[in-house]
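Per TrEMBL, these features apply:
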type	residues	note
COMPBIAS	1-14	compositional bias 'Basic and acidic residues'
DOMAIN	34-477	domain 'Major facilitator superfamily (MFS) profile'
REGION	1-22	region 'Disordered'
TRANSMEM	26-47	transmembrane segment
TRANSMEM	82-106	transmembrane segment
TRANSMEM	113-130	transmembrane segment
TRANSMEM	142-162	transmembrane segment
TRANSMEM	174-193	transmembrane segment
TRANSMEM	205-226	transmembrane segment
TRANSMEM	291-311	transmembrane segment
TRANSMEM	326-349	transmembrane segment
TRANSMEM	356-378	transmembrane segment
TRANSMEM	384-411	transmembrane segment
TRANSMEM	423-446	transmembrane segment
TRANSMEM	452-473	transmembrane segment
Amino acid sequence: MDKPQKDAPTDHKMSNSGKDSAKQPVTACLLSAAFFGALGSSFLYGYNLSVVNAPALYIKAFFNKTWVERYGEPLGAETATLLWSIIVSIFAIGGLFGALSVSFIIKVLGRKGTLLLNNSFAVIAALLLSLGERAKSFEMLIIGRLIIGVDSGIALSALPMYLGEISPRHMRGFIGQFNSILICLGVFTGQVLGLPELLGQESRWNYLFAFLALPALLQLSVLPFLPESPRFLLMERRDEAGAERAFQRFLGKTDVSQELEEVHAETRAQDNLHTVSVLQLLRSPAVRWQLITIIITMACYQLCGLNAIWYYTNGILREAGFAENILPYITLSTGAIETLAAIISGLVIERIGRKPLLIFGFSAMAVFFSLLTVFLNFQDSVTWMPYLSFICILAVIASFCSGPGGIPFVLTGELFEQSYRPAAFMIAGTVNWLSNFAVGLLFPFIQETLQSFAFLVFVVVCTLGSIYLYFVLPETKNKTFMDISQSFAKINKIPIPAPTQEMELVLSTKTDVNGKVQDVIKMESSF
């Protein structure tokens, strides 16, 4: 009879702790982990999306010069096109290899260890890409692009997983958006360094690729001194002392008992405490709709049309009527808009939520792609129409970065509990890179067939994605991983206890015959 009275103050204390946690500011340790983790990971991915555009003519000239020196005849047009296509597309193939391997590496090295190992791929790729011209070997460029693709594939899975697990739930979206912000900053940096006044010259283009080593080395100089994911330490390594120290450093407080108990509760609630395989994840009915949601969201992330904008920006701008000599500077403004929109999204995500930002982003992209189609069809009729086309391009980019550009990675970490998470990121990464490859391969043919109506394909993708997310995706902001899993219980047809019959898990302790303190789980009905 006395038990409810004893538990009441504890509940009140935990409630107050939750309120205090919500007010707690972000710590320097957490910010450092987010920034330097993303600097050596997603930043490099973004940089490699844009860095090949500026030196494209010089790289093709290098191909031809090397071919003549080897074989005594000029490089054929078809062979030149094939080599350039390989340079561009093999990045995505490397990304797929990286995504497929990440769950195995993470299981052995952990989240932070995987990020640190990944820097070796960046340094090797930087050496191959920057020294290829001096060695008179275009094969070194191809292998270097493949390796930096592997680096990006690992980074886009390991980094969001790490950021999601080190963040308190009231700022999980904000910290997770560092991934998106640094991708955009990487794209922008590649555009800036590629300007003719900087490294976009025939005598300097190899330094564009040497730059790849700098972010990797910066991460290697900081990340080893920051903690591993406390969830990984507690749930997979059973290192409670290490997890407690990690929580204390990331959260900037000594009492982290509530955070530890939250992880313990998630551990007790999971059917399988061991990391599941991809096949087990695909077969599990408990996470079926989470998996479908991530596959659709990640496919829309790549198939919504932004890669077509990036890969073919200059061509679109030429068709819009802009002069050749100002194209690099116009392209620079697109990278700046992208970065600004990503930063704003990171600042408002915890207020607005994931779902509204995703739906708004995809819906706005559909609207501006539609307008872009109209403006491109009338650009020869009205002199100022090309400027409206360019405004639409900027609006598409800003809409993408307002939500769809980063939230799919945040959601992949949020929709799955610890044991499912590595396999979920492997599937999400596979969908991401296959879709990336498909857009780069198919859009030129779509554009050739449909001409200015090609972007209507992306209107359909964005519209269908918005509709699906509206009806299926629950809001995940400020929720525990267990709460999010329960949000899918009904659609997954997994029974959950009725509110009046919920069993409350209460931890108490007892001493065993050897004098060791053990946790004992008592289940009390709230009926």
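Yeah, the Cβs are placed from backbone N, Cα and C, and that goes for glycine too.
Tallying C-beta pairs under 8 angstroms between the transmembrane segment (326-349) and each of 205-226, 356-378, 384-411 places 384-411 first. Most Cβ pairs under 8 A with the transmembrane segment (174-193) among the ranges 26-47, 142-162, 205-226, 452-473 are made by 26-47.
When Cβ-Cβ distances below 8 Å are used as the criterion, the transmembrane segment (142-162) is approached by residues 33, 37-38, 40-42, 44-45, 48, 83, 86-87, 90-103, 105-106, 111-112, 114-115, 118, 121-122, 124-129, 132, 176, 179, 209, 212, 229, 409-410, 412-413, 421-422, 425-426, 428-429, 432-433 of the same chain, each at least six residues removed from its ends.
Across the residues of the domain 'Major facilitator superfamily (MFS) profile' (34-477), the predicted structure has a mean pLDDT of 89.
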